[in-house]
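> If you look up Swiss-Prot, you'll see 1-141 marked as domain 'Globin'. Swiss-Prot lists Ser3, Ser102, Ser124, Ser138 (among others) with the feature phosphoserine, giving similarity to another entry as the kind of evidence. Annotation source Swiss-Prot lists N6-succinyllysine at Lys7, Lys16, Lys40 (among others), citing similarity to another entry. What Swiss-Prot lists as N6-acetyllysine is Lys16. The phosphotyrosine annotation in Swiss-Prot covers Tyr24. Residues or ranges marked as O2 binding site by Swiss-Prot on the basis of sequence analysis: His58. For His87, the entry in Swiss-Prot reads heme b binding site. The phosphothreonine annotation in Swiss-Prot covers Thr108, Thr134, Thr137.
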Amino acid sequence: VLSGTDKSNIKAAWDKVGAHAGEYGAEALERTFTSFPTTKTYFPHFDLSHGSAQVKAHGKKVADALTNAVGHLDDLPGAMSALSDLHAHKLRVDPVNFKLLSHCLLVTLACHHPNDFTPAVHASLDKFLATVSTVLTSKYR
């Protein structure tokens, strides 16, 4: 459960991401594909090379979904229901991949905002991404 402090930390951190959200989403995806090559199996039709338009576009989708989630911290299941259905029933993404991408997103945010990435902010963002991952995998059952 996200505390009031967590919610404040998440909103403040995401405000700093701002216009860079799509760029950071793409960077986190590239980091995921490089660090965990098995994640590439879900994107056989993508050009996965550095800077590819397809990775940038999907990174923006990821970032937009997270921006939506940040705006609905009190109702993540409702805000992410359609994405949960898509990933569970159509795409059939292995749930572990959400954790891998979450880790890579935290690394990306820490690299770009080292002074703002305090232990408290790190913990809040980690809880947020874990909650988002749980919501996205809730329809798998």
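Count begins at 1; order follows the chain as displayed.
Using the three backbone atoms N, Cα and C, a Cβ is placed for every residue, glycine included.
Context for these features, please: burial, neighbours, distances.
Annotation note: Ser3 (phosphoserine) sits in a coil segment as assigned by DSSP.
Of all Cβ atoms in the protein chains displayed, 16 besides its own lie within 10 Å of the Cβ of Lys7 (N6-succinyllysine).
Its own atom aside, the Cβ of Lys16 (N6-acetyllysine) has 13 Cβ atoms within 10 angstroms in the protein chains shown. Lys16 (N6-acetyllysine) falls within a helical segment according to DSSP.
Long-range Cβ contacts of Tyr24 (phosphotyrosine) within its own chain (separation 6+, distance under 8 Å): Val17, Gly59, Ala63, Leu105, Thr108, Leu109, His112.
Around the Cβ of Lys40 (N6-succinyllysine), a 10 Å sphere holds 13 further Cβ atoms from the protein chains shown.
The DSSP secondary structure for His58 (O2 binding site) is helix. Taking all protein chains in view, 17 other C-beta atoms sit within 10 angstroms of the C-beta of His58 (O2 binding site).
A helical conformation is recorded for His87 (heme b binding site) in the three-state DSSP classification.
Counting only residues at least six positions away in the same chain, the Cβ atoms of Asp126, Leu129, Ala130, Val132, Ser133 sit under 8 Å from the Cβ of Ser102 (phosphoserine).
In three-state terms derived from DSSP, Thr108 (phosphothreonine) belongs to a helical segment.
Within its own chain, Ser124 (phosphoserine) has Leu2, Thr5, Asp6, Lys7, Asn9, Ile10, Ala13 as residues 6 or more apart in sequence whose C-beta sits under 8 angstroms from its own. Ser124 (phosphoserine) carries a helical DSSP state (H, G or I).
A sphere of 10 angstroms centred on the C-beta of Thr134 (phosphothreonine) encloses 14 other C-beta atoms. The DSSP secondary structure for Thr134 (phosphothreonine) is helix.
Neighbour list (Thr137 (phosphothreonine), Cβ cut-off 8 Å, at least 6 residues apart, same chain): Ser84, His87, Ala88, Pro95, Phe98.
Taking all protein chains in view, 16 other C-beta atoms sit within 10 angstroms of the C-beta of Ser138 (phosphoserine).
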> If you draw a 10 Å sphere on the Cβ of Ser3 (phosphoserine), how many other Cβ atoms land inside?
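Total other Cβ atoms inside 10 Å, all chains included: 10.
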> For the domain 'Globin' (1-141), what's the mean pLDDT in this predicted model?
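Across the domain 'Globin' (1-141), the average pLDDT comes out at 94.
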> I need the CA-to-CA distance for Lys16 (N6-acetyllysine) versus Ser138 (phosphoserine), whole Å please.
29
> Going by C-alpha positions, which of the recorded positions (Lys40, His58, Thr134) is nearest Ser3 (phosphoserine)?
Thr134
